[in-house]
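Taken straight from Swiss-Prot:
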- A:Gly14, A:Lys15, A:Gly16, A:Gly17, A:Val18, A:Gly19, A:Lys20, A:Ser21: ATP binding site (BINDING)
- A:Cys188, A:Cys191: [4Fe-4S] cluster binding site (BINDING)
Amino acid sequence: MLDKVKNVIVVLSGKGGVGKSTVSTQLALALRATGHKVGLLDIDLCGPSVPYLLGLEGRDIFQCDDGWVPIYTDESKTLAVMSIGFLLKNRTDPVIWRGPKKTMMIKQFLSDVKWDELDYLIIDTPPGTSDEHITVMECLREVPCNGAIIVTTPQGVALDDVRKEITFCKKTGIKLLGIVENMSGFVCPHCTECTNIFSSNGGAELANLAQVPHLGTLPIDPRVGVLAGSTASALDELPDSSTAQILRGIVQHLDALTAVPAIA
Amino acid sequence: MQAPPPEHCPGVESEQAGRVSACAGCPNQSICSDPTKKLEDPGKALVAAAMKDVKHKLLILSGKGGVGKSTVTTLLTRYLARSCPDNNFGVLDIDICGPSQPRLLGALGENVHQSGSGWSPVGIDDNVCLMSIGFLLSSVDDAIIWRGPKKNGMIRQFLSEVDWGNLDLLLLDTPPGTSDEHLSVCTYLRDDSAPKDSLSAIIVTTPQEVALLDVRKEINFCRKQRIPILGVIENMSSFRCGHCGNSSDIFPAKTGGAAAMCAEMEVPLLGSLPLDPRVTRACDAGEDITAMKSETTDALAAICSKIMSSF
């Protein structure tokens, strides 16, 4: 399982809709932009977002002798993607499965996909601390996993759930790489006044409380939202944005941690 | 200890269950061959008994997380309770891994008590009560690391062992997805012999395509489970800057938003709630904002009258 994968990073949050998939896809694209070979596995089976976010909807998975071939975003084959979204006939089809079936599917994604040589495998997860999470943690015991990145928004109601996810990580023994605070503040395009719609600073405070590194604070930036549906990295499209700045920081942080020599 | 099924067992769902030669001597033969007992979860009868004085049940669903299911549940409950003071409302939070209702309804740190007739839900107001797994945890940091079957057991207990009393409407706040929690609650509450309006669903979404994508799946889930959909509520539809008063679409409806999705999926749109920082602040603090006049309460008034007219 994942024999040729050098590093595995899990993106987690107890709360839904905080931007796990956006952070996962942009982090994968940022790692690729800095010369790495990256895989992105979406284990949100009931609500897969990665195919849409990367503009890969409608692509089909093929089988080869060694297993399923992931979807490559382009000819360079530097970003491999796997999601249940590629296995559904119709994008409106629900996946109405109880835990055991979800567990089987995730095990298959980890063992039967021909990931090939990867510098990083990013795993995007659904919200919660249940079947998907327990399964992926159990499977990752057998491979070198670098740890988890936690995504949150600054609101109290999100932080409540994220605190539970941190407890989950501590109990399952996965290393916490750090916390990303997303959707912190919105700069009005008309008057440039910043409104903290979902409060502010909550992620930083939580990082302090839980004694985990604070990887950065991302504002609500509609320009990043516009990148959904393409494989454009914020690093290339919006190099001056704070999103790009923070992504660069996370990539550096990961590189220092894993010491994978960049090709570039 | 569970005995293995006999060789050539036709399967409990088969017409032949309990009747073929392989069934002779199987300890479950009498259960399998009895047509009336077949496949009925014993919990279903307990749930039906506990819910007999609950007139309407309303599921608040969304395939997507963080769109405001819990916020909408809270706002609807507060608004309905204020405008119908003679009716009784209950809220059941079946988000086991991420319960939000105790905070949103201002009941953090409360405890549930056990009485002769079951667990007593926490009173929020004169005519509102709440049950959530959040009340059973000793700290916010406590994680519920459970696979499906344990979550289902908890939901069954919430439905059958809570003393809800007489309720006109029970709102059920759900986690995102179409999995264990949703299947369990539908299985326990669906009663084909009950009036059609006793169990229905409201779908919550935000305007951007990445949310609508999951919400379409949830609508198809309801159809497969034969749960009537009252309609869709679009949350966070626009943001008005408190400084200059101009509106911005933070979650842009590139594909036409909830309105286009509703037309495509043939479900009614109940209304849209704006993205209002005052609401998010009040939610975090557990305060009631439905008494204040605002764009949010105006939208709520229209949505609630549509909901009440469908019962």
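Residue numbers in this text run from 1 along the chain shown.
Note: Cβ is positioned from N, Cα and C throughout, glycine not excepted.
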Rounded distance in angstrom between the Cα atoms of A:Gly14 (ATP binding site) and A:Cys188 ([4Fe-4S] cluster binding site): 29
Those residues of the chain, 6+ apart, with a Cβ under 8 Å from that of A:Lys15 (ATP binding site): A:Pro127, A:Thr152, A:Thr153, A:Val157, A:Ala158, A:Asp161, A:Val162
Chain B neighbours, restricted to the binding-site residues A:Lys15, A:Val18, A:Lys20, by C-beta under 8 angstroms: A:Lys15, A:Val18
Other CB atoms, at most 10 A from the CB of A:Gly19 (ATP binding site): 22
Those binding-site residues listed as A:Val18, A:Cys188, A:Cys191, and which of them has the most Cβ atoms within 10 Å of its own Cβ: A:Val18
Count of other CB atoms lying within 10 Å of the CB belonging to A:Gly17 (ATP binding site): 26
Residues that sit under 8 angstroms from A:Gly16 (ATP binding site) by C-beta distance, when 6+ apart in the chain: A:Pro126, A:Pro127
Conformational class of A:Lys20 (ATP binding site) under the three-state DSSP mapping: helix
A:Cys191 ([4Fe-4S] cluster binding site) and A:Lys20 (ATP binding site), Cα-Cα, nearest whole angstrom: 29
List of residues, in chain order, with Cβ under 8 A from that of A:Ser21 (ATP binding site) and at least 6 apart: A:Asp42, A:Asp44, A:Ser49, A:Val50, A:Leu53, A:Asp124
